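Feature annotations, courtesy of Swiss-Prot:
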type: SIGNAL; residues: 1-24; note: signal peptide
type: TOPO_DOM; residues: 25-476; note: topological domain 'Extracellular'
type: CARBOHYD; residues: N44; note: N-linked glycosylation site
type: CARBOHYD; residues: N50; note: N-linked glycosylation site
type: DOMAIN; residues: 123-188; note: domain 'Ig-like C2-type 2'
type: CARBOHYD; residues: N125; note: N-linked glycosylation site
type: CARBOHYD; residues: N140; note: N-linked glycosylation site
type: CARBOHYD; residues: N178; note: N-linked glycosylation site
type: CARBOHYD; residues: N197; note: N-linked glycosylation site
type: CARBOHYD; residues: N299; note: N-linked glycosylation site
type: CARBOHYD; residues: N309; note: N-linked glycosylation site
type: CARBOHYD; residues: N354; note: N-linked glycosylation site
type: CARBOHYD; residues: N380; note: N-linked glycosylation site
type: CARBOHYD; residues: N401; note: N-linked glycosylation site
type: TRANSMEM; residues: 477-499; note: transmembrane segment
Amino acid sequence: APALPRLPALLALLGALLPGLGGAQTSVDPAEAIILRGGSVQVNCSTSCNQTSIFGLETLLTKTEVTSGDNWVLFELTDVQEDSKLICFSNCHDETMAPIDLTVYWFPERVELAPLPRWQPVGENLTMTCQVAGGAPRTNLTVVLLRGEEELSRQPAVGEPAEVTFTVAVGREDHLANFSCRTDLDLRHRGLGLFQNSSAPRQLQTFVLPETPPRLATPPIVEVGTQWSVDCTMDGVFPASEAQVHLALAEERLHSTVLYKKDSLLATANVKANPEDEGTQQLWCEVTLGDENRRWQENVTFYSFPAPNLTLSEPEVSEWTTVTVECEAPAGVVVSLSGLPSGLAVPRAQFQLNASAADNRRSFSCSAALEVAGHMLQKNQTRELHVLYGPRLDQRDCPGNWTWEEGFHQTLKCQAWGNPVPELKCHRKGDDALLPIGDLRPVKREVAGTYLCQARSPRGEITREVVINVIYHQNNILIIILVTTIVILGTVSVAAYLYNRQRKIQKYKLQKAQEAAAMKLNTPATPP
């Protein structure tokens with residue numbers, strides 16, 4: 001306001017503090033008022049002077065006299081924009097004054113929570129700033145920080161615009177929580193209410209990414225042309241489902257599948273090793289969460305190692321044919337060939353043999369060895385030799401003499417050797433009866449005889465004589481029964497005869513004794 005209008009106001013204030021003679025006083029109603037910015041208010045200025053006096057309202061605001069009486073005037077103030085101190089004055093002998101405090105309130109024009117970081121590490125403090133433009137009276141204006149509906153902290157709004165900061169210790173529970181600012185204009189003590197304005201909420205994302213790097217599980221060496229698998233794992237990641245995992249070989253990213261479980265993740269890639277990858281390559285895994293990442297890498301060596309080339313000059317030969325066995329491998333690979341002395345490690349090995357029947361189905365093997373990144377690798381190749389030879393029948397495989405007991409189960413074992421396998425038949429001399437070979441059956445006396453066993457194949461035939469003896473017993477059961485009966489009857493007859501004879505002897509002796517006794521009784525006594 002200009003300096004000149006303020007001087008009378010000061011003088012009026014002093015006059016009010018020092019009442020004039022006569023005791024007349026100036027009063028105002030209301031003594032204080034609070035209105036919404038841009039609003040209007042009516043002020044009644046009156047005086048206790050009972051004489052005609054001059055009185056009025058000292059203000060720079062737009063005022064209108066509404067009505068008046070002998071010692072009072074009602075003014076209306078309009079479009080009030082800011083706090084003001086008004087003075088009613090009257091001049092009755094002396095000038096007296098009465099002040100009025102006019103408070104303007106208005107709501108903040110802007111309440112905003114400053115942008116939050118896209119990701120915030122758990123365990124670190126985060127400073128949030130609430131920006132408030134406008135709003136009065138500031139002594140009754142408070143800024144509140146909210147998490148959802150929960151009040152975290154409040155501070156007074158200071159400055160224009162006001163920037164109020166809050167420090168929050170961020171935890172896992174704050175992940176995806178909504179934060180906002182609210183202003184509280186508390187005018188309840190002035191007969192009004194509590195006026196609140198809120199900002200738009202902002203969502204916070206928190207994360208945990210351990211300092212330890214991810215773990216790579218991969219074979220250290222891989223053969224080109226084969227499928228290989230690589231795993232990348234990391235524990236203690238929160239929220240694990242938001243983490244990005246990159247697997248790459250050299251500069252080429254690998255297609256991977258990521259599985260999440262609680263605070264752990266597992267990325268798996270199945271890759272085919274290409275020939276152009278041969279050599280040592282860097283395999284790396286990178287886990288990114290928020291604005292941080294962790295990376296680990298391993299060396300993988302890709303190698304080419306074809307199996308050794310094992311050849312036979314002829315895989316199938318006639319007996320006593322010379323066969324060349326040869327094994328060969330690429331440069332840098334050493335081979336060892338069965339049939340050669342051990343300890344000869346060369347890239348190419350061969351030898352010759354004069355094939356015999358004992359070499360039929362003989363297996364030859366070649367072993368190739370290659371060292372890759374400190375690992376000794378080995379591959380084997382085998383070939384089988386087939387030797388063609390005529391039939392063989394010898395004592396070991398076809399015994400020339402067999403003795404069997406009639407009724408027992410026996411098997412005639414007679415095996416012929418040869419390549420191709422010969423057909424074997426045994427016919428008995430005389431009647432050309434066929435002898436079963438290799439079957440378990442009861443022995444009969446009819447199979448006894450001399451047989452000619454003949455083995456035949458496209459490469460020849462051979463014959464061997466086989467004698468079969470059968471031990472058997474005649475059927476003397478009836479004779480045995482008769483003899484046994486006669487022996488029994490004879491024994492019984494002899495026993496009966498001896499018994500009767502003994503009985504007659506005893507009877508005879510008894511009779512003689514009785515006669516002797518009788519004669520002794522009948523003889524007269526001799527006179528003395």
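Just so it is clear, glycine is given a Cβ too, placed from its N, Cα and C backbone atoms.
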So if I measure Cβ to Cβ from N44 (N-linked glycosylation site) and keep only same-chain residues at least 6 apart in sequence, which ones fall under 8 Å?
V28, D29, W72, V73, L74, F75
Segment-level pLDDT (mean, integer) for the domain 'Ig-like C2-type 2' (123-188)
91
Least Cβ-crowded entry, counting other Cβ within 10 Å, from the glycosylation sites listed as N140, N354
N354
In three-state DSSP terms, N309 (N-linked glycosylation site) is classed as strand
Cα proximity to N178 (N-linked glycosylation site), best match among glycosylation sites N140, N197, N309, N401:
N197
DSSP three-state call for N401 (N-linked glycosylation site): helix, strand or coil?
strand
Let me know the DSSP-derived helix, strand or coil state of N354 (N-linked glycosylation site), please.
strand
Using the structure shown, find which entry in N50, N309 (the glycosylation sites) has the sparsest Cβ neighbourhood within 10 Å.
N50
Expressed to the nearest Å, what is the distance separating N197 (N-linked glycosylation site) and N140 (N-linked glycosylation site) at their Cα atoms?
14
Quick one: of the glycosylation sites N50, N125, N140, N401, which has its CA closest to the CA of N299 (N-linked glycosylation site)?
N125
Please give me the CB contact count at 10 A for N197 (N-linked glycosylation site), counting all chains in the structure.
18
Fewest-neighbour residue among glycosylation sites, criterion Cβ within 10 Å, set N125, N178:
N125
Quick check for the class: what is the C-alpha distance, in angstrom and rounded, between N380 (N-linked glycosylation site) and N309 (N-linked glycosylation site)?
9
Rounded distance in angstrom between the Cα atoms of N354 (N-linked glycosylation site) and N50 (N-linked glycosylation site):
158
Around the Cβ of N380 (N-linked glycosylation site), other Cβ atoms within 10 Å, all chains included, total 13
